[in-house]
Amino acid sequence: MKNYCAKSLSLLFLWLLSCSSPSKEPAIKVRFAQDPESLHPLSYGNAPALQILNYIYQSLLTVDLSNNSIQPLLAAELPTIKREDSVSYFTFAIRPEAQWDNGTPVTAQDVAFSLKMLHSPLLDNERWRDQYDFIKDIQFSKNSPKTFTLVCTGYTPEMKLMTGDFFVLPAHQFDPKGILASVPFQLIRQKFDSLSSTSTFKAFASSINQPGFARDTALVKGSGPYVLKKWSAGQSLVLEKKKAWWGNKVEAPETVLRANPSRILFQVLPDNAAALLALKTQQLDVMDNIPLVTFQEMKQDKKYQQLYNFYSPTSFDFVFMGLNGQNPKLENRLTRQALAHLVNIPQIISSLQGGLATPTVGLVHPQEKNFYNAELPQIKFDPEKAKTLLREAGWQQTSTGWQKNVNGRPQTLTLELLYRAGNSDFENMSLLFKQNAKSLGIPVTLQALESSQISERLESRKFDLYFRTLVSTPFSYNLIPLLHTSNGKEGGPNVTGFGNPETDQLLEKIAVEEHTAEKALLLKSLQKAMQEESNLIPLYFQQNKMAVSKKLDAVIISGLKPGYDLTKATLKK
Amino acid sequence: MRKSNILSPLSLAEKASIACLLLFTGAAFISQILVMQGAQVIAQPEQAYLAPFTSFEHFLGTDQLGRDVLSYLFLSCRTAWLLAIPPLVAASLIGVALGTIAALVGNSGWKIPMYRFFSLVILLLVYATMYPIIHFWPVFAESSLIHWAYYGSTLPLLYFLLFKEGSSGNRGKGKSITLAFDEWLQKIINVWSALPKLLLLLLLTAFTHFSLGTLMGWICATYWVLPARIARASVLQLKKDFYYESAQALGIPFHRVFTHFIAPSLKGPILTNFCFAASGLLGVGSTLAYLGIGIPPDVPSWGKMLANARYSIEAWWLLAFPATFLLASIFSLQVLGNRISAHRRQESVIK
């Protein structure tokens, strides 16, 4: 009997063993500092969400991170552009192989549906409505269902990327009843308010706004190479490569259509210390934004040198100190210039950034040699010069500090400096600035606030100074929102009150100028004007600090967000 | 029978604790004087992360900004002391006052004539209306004297309305309102003590600007509960003793009853509570600084140095030295609290 039982059990084990799934190829493990929270293609709210969405959905055009060039992704080629007076036409053709997961082709109708989604009422799409307001209409080709033309208001160089920079969504999945298909794009734009009260749009909006489109693995699906396999909120996300992805069938695929890793695991580790522990125990293959001291220590350690490649690519994250030019104390530009002389930028870069930052004279990255004003000298740390400038601005040094009559009332030069709580770089920079200002007799109060509280204070103009990072790109120099005087009113994005009629003119010209030489001249003049006004004191462009496992080959490291491209990477066996 | 004496021979640990606390207090006082003269720890980023015992100038090394660790820790004594001792003294005084009043007047012993009660309500309304004018009207904005006068003026008015002859008892003519003081205090204590102290402090500091003064105020507002409970319980027990009744019958004035009977019996438990609460507060103050909440970034604190130690494993001195200072002062207060508590137990056994 015993013998019989033993034989049966062994057979059972053998059967179980033969049934177990084949071992999967190991995943590439990437650290996320925060949970994506929502993967809705319209209402996602943070950088990790965008990073994931870029693996799942596709746009017509993309930026190749290896050379920062604009490349066609869903589109077969870059658009052909035709300009007529105040209108421009961008004609696209979608790749013939491009198709959705159910085998139906990606067509111009899907593009029209996606544009309608960006402008439909009752959806969470305010930011897109403003951003893509320039696309007036879409015209379909009679010859091909995959060809169409976007009709745009005016022409700016940024449109070369912007016209193809929105996710193309599957109409059959988001709108199975075809509600939007029957409403022309122009009508949605024109009758926005009246459509919002119709029952059809209300029903459509409630179906689009359902949480499933933000997190359900069955509904978060696009034409991209990956599907969302699993999402444990606050812990991890798993992306798996589609077995029958259309991009695999393309003959001689371009680099943008390559997707090598079969699985990518994103570990959500908000705490830096926990993430570093995971990195040191090789539970992560890719980690960015490593704190400086740890980065330097790991880079010097032979043990980690064998395990990881360390990179510090320069990024387009511009760090600056903002001054409130509308504040009576800082109204005079000489006062602002004096404060600029109290920031010791070389010291900040060498000691706080470990040399891993690029000094700059303005908003243009020094890497952009055409546009960067290299002739403009950097403002030097010079307390004596600051003193002279303060005196020229009408301030007088007394036993109680620097005093001046502002609007008929005596005012003492005391300043409050805002920065984001928890940002140790900003805290250290604030402490150094306070020390420098104190040596001159200017008391500075430091105020660490949450990001939303800082935004609130900036919008209501109740601030003196603040430290912030501005994420820029080399593709757009449309600085009108940030620097034009029309945006300087309370609530507008020009919080520092920068600008005068001349700089406004410069900004308007820069936004539409196509020729590199002319644009360079205009940008250089703007950088000069910004330095004279000193509403924004430029500090540096950050360098990312990354570690990538040596198990990975061909990871592309870039200065553009998210800083790396994993789709070309291969995992060594 | 041998009389117990708090000054009876001290053990080695107790001697060390007292010495440590004296040093801590001395350092705090000297730091306060230095800060008033404008002293601060100078940041020299070029000298960041210097190891300890390598130079005489920076004996305990430097931190990430090149600040001298020894000077930083010395000035941090002031922060720790200011966050633990003055708010706790104030909280104990408030607690004892409230607890004693609650035990003595109970739920029916405090009657206020109707007109005085309404005057009180009107007074509070007037002060509430004046608040934005005093705080935000530019004429007053720069004068702190106006603010002091504004808050100071409430005290005599409140005293007059609540305690002045005729306000207690029912000597006054007309209707009067009975304040159920004990019941209300019990309710407030129940709500207040239901929340953990650290959580309560985190919540309260979120509403105000970060400053040492504000945090001291919030600590005071959080820590009055236990002294109030102790005082109430002791006075209730005392009220039943025959000597207290005799004192009342003899018509001995309240202040003498308080100083001769109530205060001596409260002294022991309040002091014990003070020592343990102060040691806890040193930890809480450092935790808040570690989290970067409540204390301004330019105020040196042991907790802040511990927080900075997270960024570098190699800079062990940023963890070891503040932790030693913190633990030494916490243990000293605990040892002292234990001694007072043991002395009380011994005394009650002797009795």
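Cβ atoms here come from the backbone N, Cα and C positions, even for glycine.
Within its own chain, the transmembrane segment (B:80-105) is flanked in space by residues 24-25, 28, 32, 179, 181-182, 185-186, 212, 215-217, 219-236, 239, 258, 262, 266, 270, 273-274, 277-278, 281-282, 285-286, 301-302, 326, 329, which lie at least six positions past its ends and keep a Cβ under 8 Å from the stretch. As annotated by TrEMBL, transmembrane segment applies to B:80-105 (among others).
The feature transmembrane segment is assigned by TrEMBL to B:117-139 (among others).
According to TrEMBL, the transmembrane segment annotation covers B:145-163 (among others).
According to TrEMBL, the domain 'ABC transmembrane type-1' annotation covers B:181-339.
The annotation transmembrane segment is assigned in TrEMBL to B:198-226 (among others).
What TrEMBL lists as transmembrane segment is B:270-295 (among others).
Among the features that TrEMBL reports, transmembrane segment is placed at B:315-336 (among others).
Counted as Cβ pairs under 8 Å, contacts with the transmembrane segment (B:315-336) are highest for B:270-295 among B:145-163, B:198-226, B:270-295. Below 8 angstroms of C-beta separation, residues 146-147, 150, 154, 157-158, 161-162, 177 of the same chain, each at least six residues beyond the ends of the transmembrane segment (B:117-139), sit close to that stretch. Using a Cβ-Cβ cut-off under 8 Å and counting only residues 6 or more beyond its ends in the same chain, the transmembrane segment (B:198-226) has close neighbours at 79, 82-83, 86-88, 90-92, 94-95, 98, 189, 192, 273, 277, 281, 284-285, 287-288, 291, 293-296, 299.
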